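Engineer: My questions all concern the structure below.
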């Protein structure tokens, strides 16, 4: 064997998750499918199956909050999964996606009375629920190597409409919250104080809203890149 040939070692195959890791990941994704399916049912029940009298007695947030808080905040686990290499997701992208949603739930809807009644809440929950049912379902089936083609298609197609719809709902929630924050100075620290520091919740909300401008297009285009790679690549192979 020549020195030139020896200088080109074969690439090590990607390490497969252990059986225990697969069981954990499958269980996590399956539970999330169930949780978001329940939230979608709650949305349909609230707006379609129930009448005006029911909606007059309870707000959408009061009706869905327990499930939303549990299953949306449980997504924090996905950051840890990415950091520790249990999944191939980019930790930075995953962190932004998870924390943007958690900020809407914890830092906007739970933090302000106006966020709870924002018209953006049902829009965001609708987009989130359908997206997550498909996404977690895809992940769960992929772990056991049984992914129907229509699930792959849905995973890399429905985002085209659902992603902008979800972001619109999120920004509407921020908009309703920032008005309340400006008028009441909630969750803010003003000078003078013993820490000799200041913090404006109102400003934070605006910083996050403005951050959507450069970040959302990048994430959206990234999904189109994945779509071309997964669906476009398959189409080319079949054509050859």
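All residue numbers here begin at 1 and follow the chain in the order shown.
For all residues, glycine too, the Cβ spot is worked out from N, Cα and C.
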Engineer: Looking at 44-61, 98-115, which one is transmembrane segment according to TrEMBL?
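Structural biologist: It is 98-115 that TrEMBL describes as transmembrane segment.
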Engineer: Name the range, of those listed as 23-43, 153-177, 197-220, that has the largest tally of Cβ pairs under 8 Å with the transmembrane segment (121-141).
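Structural biologist: By the under-8 Å Cβ criterion, the transmembrane segment (121-141) pairs most with 153-177.
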Engineer: State the non-local partners of the transmembrane segment (98-115) in its own chain: residues 6+ outside its ends, Cβ under 8 Å from one of its Cβ atoms.
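Structural biologist: For the transmembrane segment (98-115), the far contacts come to 61, 65, 68-69, 72-73, 75-76, 78-79, 121, 124, 128, 170, 173-174, 176-177, 179-181, 186-187, 201, 205, 208.
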